[in-house]
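Engineer: Attaching a single structure in structure tokens format; questions to follow.
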Amino acid sequence: MCSGESAMNGAQSREDESKEDDRDAEANRLLHHHHQQSTSSVDDEEVAYEAGEKIQVVDFDLVDGDDDDSGVPPPFSWKKLWLFTGPGFLMSIAFLDPGNLEGDLQAGAIAGYTLLWLLMWATFMGLLIQLLSARIGVATGRHLAELCREEYPNWARLVLWFMAELALIGADIQEVIGSAIAIQILSRGVFPLWLGVLITASDCFVFLFLENYGVRKLEAAFAVLIATMALSFAWMFADAKPSGNELLKGILLPRLSSKTIRQAVGVVGCVIMPHNVFLHSALVQSRKIDPQKKGRVQEAINYYTIESTVALAVSFMINLFVTTVFAKGFYGTKQADSIGLVNAGQYLEEKYGGGMFPILYIWGIGLLAAGQSSTITGTYAGQFIMGGFLNLGLKKWLRALITRSFAIVPTIVVAIVFNTSEASLDVLNEWLNVLQSMQIPFALIPLLTLVSKEHIMGTFRVGPVLERVAWTIAALIMVINGYLLLDFFLSEVKGLLLGFVVCSCTAAYVAFIAYLISQSGALPHTWVNRIPKGFSLLQIESTNPQIKNPENSTANSS
């Protein structure tokens, strides 16, 4: 009897063990299936750089077992700084594009040396914004467009994407036309403007060719273009021999008059390029950094800060060279009010003559380097913006082709239509500056909102002092650009119907900016409570992931 019972108990226990093994196997199978699903969803998602494309940052002084990540960055290393050097110089090209060069030469011709102090401080403001962009990319491992996709509702995400694309197209048209003007100068007028546009369009394929050889090769190509600009404009600076005393006074003594207010607004407005804010947060991910290791993240932020500061110091010197050359040659002359990118080369030749290396061709070479480098970075930025906001899963070459087409098609139309006179191209340039100025809030406000949120940045969120400084600078830039927009529309908008359309669009524009600010947490709570109910709900949905996804909330509560 006992033996029968023990046999039955043994059989029962074996059956229980078998069932338990089956349950374990099923649990492992489900876990494996879930892991495969999550891995495939990550694989399907577009990223700035694939794992194989990223540069490995080598620890030259690391002893085995030292990488315990205590949260303290390793000591400074020149070799490691060299490995981190690259993204800041690509970012700095937006400070040197043909639109900026035109702002420089007009500021020099009309205001002389008096706005050099503003150029310096505007570069500092631009540096702070770009450092915040780099910070968010390093700390989160994701770039700004991706974070906007995750943090904002669908309708707001699509509006932000559309605005970013508009800004990119406006910048690209200026850059491509700048390159086409340079080609026209260097070919002595043999190549018309539209043909120069087509030649510049081919840079998309040059970019794809260089990208296949790795990130460092691409960065080296941009370094050559920046060096070309620096040498060209430094040569012009040496030829012009501007006054050293006037130059120092211009940098150290703030001066502003009613006659130069428009040029001052242009100098500040050119500093923040909306697409560049998105670009820098993606470029910093070209280095392999583990966001989970606080010491490594802080180390990367430190090196990128040094590198970006050096890059923008170089860009400031190049802008300084251009401004002072035109201040020396044309300030107080009858040509000062009519000078622009199209006729600048001709005026330089008349003023400074030929010689062994005619200044016209030196200007053309510098302008071509500026145009080519900025159009390629524009293509780069377009890929990140489209991939981050829309996550279409397209191949890189296809994204680059689509991005390039967005800009090239309208640029060819513009080149044919506006090639009738210099004045028409200047009018076009004013409209493009206005278009880009309008988009600045839609890059700055999301950046400052996300970089100050703890659930996104963790311990790397900006402190209250830096946050206030950044918002003050952003507000100053937006107010200055608002003045530019108001001044432009008051002079250009005529007629009741057009005025009504502009007022309606302005109301929608201001309402969307108010919505973005309401989500930022920068306003006092009493102000936010007065915002209409729909806006408040959207704010709650975007900042609380549990409300955005009720399943998560249920799972957490259970």
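The backbone N, Cα and C atoms fix where each Cβ goes, glycine too.
Under the heading region 'Disordered', TrEMBL lists 1-46. Summarising the annotation, TrEMBL assigns compositional bias 'Basic and acidic residues' to 13-29. Summarising the annotation, TrEMBL assigns transmembrane segment to 116-138, 158-185, 191-210, 222-240, 260-279, 300-322, 360-385, 397-418, 438-457, 469-490, 496-517.
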Engineer: Per the definition of 3+ C-beta pairs under 8 A with sequence separation of 6 or more, do the transmembrane segment (191-210) and the transmembrane segment (397-418) touch?
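Structural biologist: Stretch pair touches.
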Engineer: Sequence gap of 6 or more, Cβ distance under 8 Å, 3 or more pairs: do the transmembrane segment (300-322) and the transmembrane segment (222-240) meet that?
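Structural biologist: Yes; at least 3 Cβ pairs under 8 Å.
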Engineer: Do the transmembrane segment (360-385) and the transmembrane segment (496-517) share at least 3 Cβ pairs under 8 Å, sequence separation 6 or more?
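Structural biologist: Counting Cβ pairs under 8 Å, fewer than 3, so no.
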Engineer: Which residues, given as numbers and ranges, are at least 6 beyond the ends of the transmembrane segment (158-185) yet have a Cβ under 8 Å from it?
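Structural biologist: Those are 94, 97-99, 101-102, 145, 148, 152, 191-197, 199-201, 273-275, 278, 341-342, 345, 360-361, 363-365, 367-368, 370-372, 374-375, 378, 381-382, 385-386, 389-390, 403, 406-408, 410-411, 414-415, 425, 428-429, 432, 435-436, 439-440, 442-443, 446, 512, in sequence order.
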Engineer: Which range wins on Cβ pairs under 8 Å with the transmembrane segment (469-490): 260-279, 397-418, 438-457?
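Structural biologist: The stretch I would name here is 260-279.
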Engineer: Which residues of the same chain, at least 6 past either end of the transmembrane segment (397-418), have a Cβ under 8 Å from a Cβ in it?
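Structural biologist: Same-chain contacts beyond the ends: 165, 168-169, 172-173, 176-177, 180, 193-194, 196-198, 201, 204, 207-208, 378-379, 382-383, 386-387, 424-425, 427-428.
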Engineer: To the transmembrane segment (260-279), which of 116-138, 222-240, 496-517 is linked by the most Cβ pairs under 8 Å?
Structural biologist: 116-138
